[in-house]
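*Asks:* One structure is given below, represented as structure tokens, and several questions about it will come after.
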């Protein structure tokens with residue numbers, strides 16, 4: 001089970017490095033989807049199944065708006081991919097920086113500082129995200145509906161701004 005959690009965390013770090021290496025917005029959005037998936041996998045592995053589902057859906061809804069906006073503003077004939085030389089060099093630079101810090105801390109500390117603690121206590125019996133579900137549907141339902149409405153409104157505004165044939169506000173840029 002530790003190997004699966006390590007795989008999720010490795011995918012999370014590699015996805016964050018891929019986002020930070022500044023590829024074209026198309027590939028940056030794809031990397032963000034991977035980061036969201038691996039981050040929600042970490043939450044699921046710690047028992048927050050409903051919380052990870054809600055975060056994944058809300059995050060992907062917000063990313064849809066950001067992706068539509070950035071793809072409309074940065075339409076390039078030859079986008080920088082994750083395999084082009086400048087992006088790969090920055091990617092490996094970040095990768096070796098992150099794992100260099102990890103290796104340095106492992107050598108200097110000589111102890112396992114990344115271990116998960118408290119998994120076998122009584123805290124593992126109680127499901128914290130289920131308390132959040134009851135609060136969300138009782139007193140937090142209005143905020144949930146407001147968030148969904150704002151995301152829908154933002155999506156419609158972005159789609160109106162990037163409408164084709166020169167009628168959109170940002171096509172003249």
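Counting starts with 1 at the first residue shown.
Every residue gets a Cβ built from N, Cα and C, even glycine.
Feature table excerpt (Swiss-Prot):
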TRANSMEM  1-21  transmembrane segment
TRANSMEM  25-45  transmembrane segment
TRANSMEM  53-73  transmembrane segment
TRANSMEM  82-102  transmembrane segment
TRANSMEM  142-162  transmembrane segment
*Asks:* Under 8 angstroms for C-beta pairs, at least 3 of them, ignoring pairs fewer than 6 apart in sequence. Is the transmembrane segment (1-21) in contact with the transmembrane segment (82-102) by that rule?
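*Replies:* Taking Cβ pairs at least 6 residues apart, the transmembrane segment (82-102) and the transmembrane segment (1-21) are in contact, with 3 or more under 8 Å.
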*Asks:* Take the transmembrane segment (82-102) and find every residue of the same chain, 6 or more past its ends, with a Cβ under 8 Å from one of its Cβ atoms.
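*Replies:* Here the qualifying positions are 13-14, 17-18, 20-23, 27, 31.
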